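Notes follow once the structure below has been shown.
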Amino acid sequence: MADPPGCCSACATCLLCPYSCQWITAKKEKRKGLRTTKYDCSWFFFLFCVFLFTLVWLYFAIIILNDFHNFNEFIFRQRKLWLDWSLVLLIATAVLISYSSVLLVLALCLQLCGHPLKLHWVHKILLILTALVVAAAFTGLGIKWAEEWKSARISLQATGPFLHIGAVGGMTLLAWPLASFIYRTRSTGLKVFLLVVYCAAMIALYLAPLGITSPCIMEQEQLPPKPALVGHRGAPMLAPENTLMSLHKAVDCDVEVFETDVMVSADGVPFLMHDEELTRTTNVQAVFPERAALNSTAFNWTDLQQLNAGSWFLERRPFRTVQSLSPGDRREAAKQRIPSLGQALEAAKESNISIMFDLRPENHSDYQNFVNVTLEVILHSGIPLQQVLWLPDGFREDVKQQAPGVQHIYGRKRLENEKEPVLHVNLPYQDMSSEEIRQYRQDNISVNLYVVNQPWLFSVLWCSGVSSVTTNACQVLKEMKHPIWLLPSSTYFMIWIVVDCFSFLIIIWAFVLMK
């Protein structure tokens, strides 16, 4: 088999070595009569599928970064080990996608040079392992983190137009090695099969925009106002969560609401704490080692005041932003204590921001007393009741009677036969579609979605018309003056037509040139 014009024999040999793990020259290859068999073609097809499989997983890995802090917290509660597992995920994914990409590029180059695709058995084993690892990752995602499938669907509203362009470009580039293979192979049936599959794939891609929808395909004047920011436990990327420092950092980020979690101590003092145990966000293991595993509500307020609620933040670095803190912020973080609800209300009143909280744990036998004690602290704090956003569902009617000015936030969608109108809802961002958000907005129902950290997700929700979002990254979202992208439908239609026409011309040119 003669090399195509311009194909360097030395280069072809260099390509053949890492792919086949054999240093064989073009002349030796001719003498041995090496050819690409159907068996070799099947392995190339498997390589291509593994590459696509790994590429899809890379996309998922990038999407789930928005929620990965929840995974880190989950692992800590299970194993008492803190690690930023997102780095592990990204490094492992990068290795897999790089390996399959290099092999695929080598195979395509060898095909263009007219050399056989003799994949070495080591690569075959590694490709099978790669496929198994990615399949296991998808299976684990479906079992333990099923809501991320909804996140992926939402992400397509942000990336759909660009994925379409990338897919068209990638499939267009395949026209060269495909044409080379078709002109060299003697099997008419195989030629027809490959052409039909390729043409069907290209037609599907050319028409894909008919099924692509995004709230960000709109005119500039149709863009809703920027959503308000709700600080998730304050500003946890800039300060230890659920501390007064975190509240003040959130205020600096222009948040309108400080979102937190409240528990009640054994002697009846409401305080800020998310976890049922104190081990993640305090030094309880050093101060009270024999009681570290107890529920947070088992400690009295005097004991809680002995704990440091900031040193863990500097030691474990739950977010990469901790590394960039100033020396003054580090000193302040190291001194943080667990704040009482009264202290948080006073700080919120002084900063003129609202406070929204859950009262935990809702399955506690003394929960009604927790509600009464919490209401007492709120009423004695002097904060305007309209600045208090009440999330807990338990004993909500009692709350309405004792503190009628408090705003009630519901963690569910509205029902058909509501006794009282629902004015505010607080839901995971995966639980509301763009259509539902727009409908709630038309009905004057405030929608807050959590937890939104990535700019792409914030952009989609902004275009959809959400009222506010709860975020860990208030310092990032604060700086966004407009969504990442906004396209009028006429502009997107023009891009679609130009890309498809350009791709079609290149494919025709590739087949003519290779012939």
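Including glycine, each Cβ sits where the backbone N, Cα and C put it.
According to TrEMBL, the features are:
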TRANSMEM  41-65  transmembrane segment
TRANSMEM  85-113  transmembrane segment
TRANSMEM  125-143  transmembrane segment
TRANSMEM  163-183  transmembrane segment
TRANSMEM  192-212  transmembrane segment
DOMAIN    227-481  domain 'GP-PDE'
TRANSMEM  493-514  transmembrane segment
Quiz item: Considering only Cβ pairs under 8 Å, which range in 41-65, 125-143, 192-212, 493-514 makes the most contacts with the transmembrane segment (163-183)?
Solution: 493-514
Practice problem: May I ask you to check whether the transmembrane segment (125-143) and the transmembrane segment (41-65) make contact, with contact taken as at least three Cβ pairs under 8 Å and only pairs 6 or more apart in sequence counted? | Solution: yes
Exercise. Averaged across the domain 'GP-PDE' (227-481), what pLDDT does the model get? Just tell me the whole number, please.
Key: 96
